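Peer 1: As annotated by Swiss-Prot, heme binding site applies to H256, H316, with the evidence given as sequence analysis. Annotation comment: Swiss-Prot describes 6-26, 93-113, 118-138, 154-174, 192-212, 258-278, 285-305, 308-328 as transmembrane segment.
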Amino acid sequence: MQKSLITKWLFISCIMVIAMIVIGGITRLTGSGLSIVEWRPVTGILPPFSFESWQAEFAKYKAFPEYNSINYGMTLSQFKFIYLLEFVHRLLGRITALIYIVPLIYFYFKDVIKNRDILPYIIALLLFCVQGFMGWYMVKSGLLNSPSVSHFRLAFHLIIAVIIYHILFYQLIKNRCDILLIPSQTDLKLPLIFSGIAITVIYVQIFLGAMVAGLDAGLIYNSFPLMGDNFIPMEIKDNFFNLANLHDPVFIQFIHRLGGYSVFLVVVVLVICLLKIEHPKLNKIAYFLMIALLMQISTGIITLLYSVPIIIASIHQLFAIILLSIIIWCYFIIKTS
């Protein structure tokens, strides 16, 4: 009974974090992230209701660079749309934190979660706190001189969410999955190594994807597999190893493409390793991996070719989490077998 409660709680928490990641991506893609120019963790739980309240929020927004540089002349109705998207994102963040924290306190004091098992839950709790601050720290970067947020802060904001999800999902499968019985003579070293490498490469790729979004780098070189007429674009060919390139949309898009090739190669090798073991459960994971990988690659290419359509770009982001989840599941099964 207690194990079932923990499993349900962790499952709901994981779904909420995924929803936060996807809605956060939509907020970025629609240019809604800078519409709320204040950080009010407690008093900001309700949106404006009266016409006067909306006018007051709109007046605050008009005082910052995004309105004057990008959205000058925006109507109140248009402002309401971007405001409510950002509001939903922030509200969902609060709800997600409560869904995680309140049961955690209950489970701990009821001794459902033992002291020996509490550490990952505490780390996730601390990361929830850091994430709230990081979200505002990111937004603040777009309220100064530039009408866009720092792509570095955006990437860290996303990666913290992914780490939180990783911790919760790992605890979920730890509570839910049985240990797989594999013959002792089976060599699991290679699939364990490549599942670890795959997790690392996907983390890097998610970070780069956030930087692409932050720099609007998906709106340039909308061709594949070449960038224009070249594999390496001319703008960076002669100046590749320069730290200034980390602010260059062309360079970041190119590196993100390389990351995609890396993910493909590593996951394909992992799939081959799993299929060679000839175990039904691991073979099933291999098939799931290939489906998720193909979906991730195809949505990424479509996102690029069609200049970042919001729905496809959101699905692309979602499948990054799905692909990561399957590999974490794979890693857990191999490690505990």
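Just so you know, glycine gets a Cβ as well, placed from its N, Cα and C.
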Peer 1: According to DSSP, which kind of secondary structure is H316 (heme binding site) found in, if we only use helix, strand and coil?
Peer 2: helix
Peer 1: Let me spell it out: take the transmembrane segment (118-138), skip the flanking residues so only those 6+ beyond its ends count, and list any with a Cβ under 8 Å from a Cβ in it.
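Peer 2: Result: 33, 39, 41, 90, 93, 96-97, 100-101, 104, 108, 149-150, 153-154, 156-157, 160-161, 163-164, 167-168, 170-171.
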Peer 1: Quick test of the contact rule: Cβ under 8 Å, at least six residues beyond the ends. What residues does that give for the transmembrane segment (154-174)?
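Peer 2: Distant contacts of the transmembrane segment (154-174): 7, 10-11, 13-14, 17-18, 20-21, 24, 28, 100, 120-121, 123-124, 127-128, 130-131, 134-135, 138, 203, 206-211, 213-214, 321, 324-325, 328-329, 332.
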Peer 1: Hey, does the transmembrane segment (308-328) touch the transmembrane segment (6-26), meaning at least 3 C-beta pairs closer than 8 angstroms, sequence gap 6 or more?
Peer 2: yes
Peer 1: Contact between the transmembrane segment (285-305) and the transmembrane segment (192-212) is defined here as three or more C-beta pairs under 8 Å separated by at least 6 residues; is that satisfied?
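Peer 2: As far as Cβ distances go (cut-off 8 Å, pairs 6 or more apart), the transmembrane segment (192-212) and the transmembrane segment (285-305) do not touch.
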Peer 1: Name, in the order they occur in the sequence, the residues of the same chain whose CB lies under 8 A from the CB of H316 (heme binding site) and which sit 6 or more residues away.
Peer 2: Q296, T299, G300, I302, T303
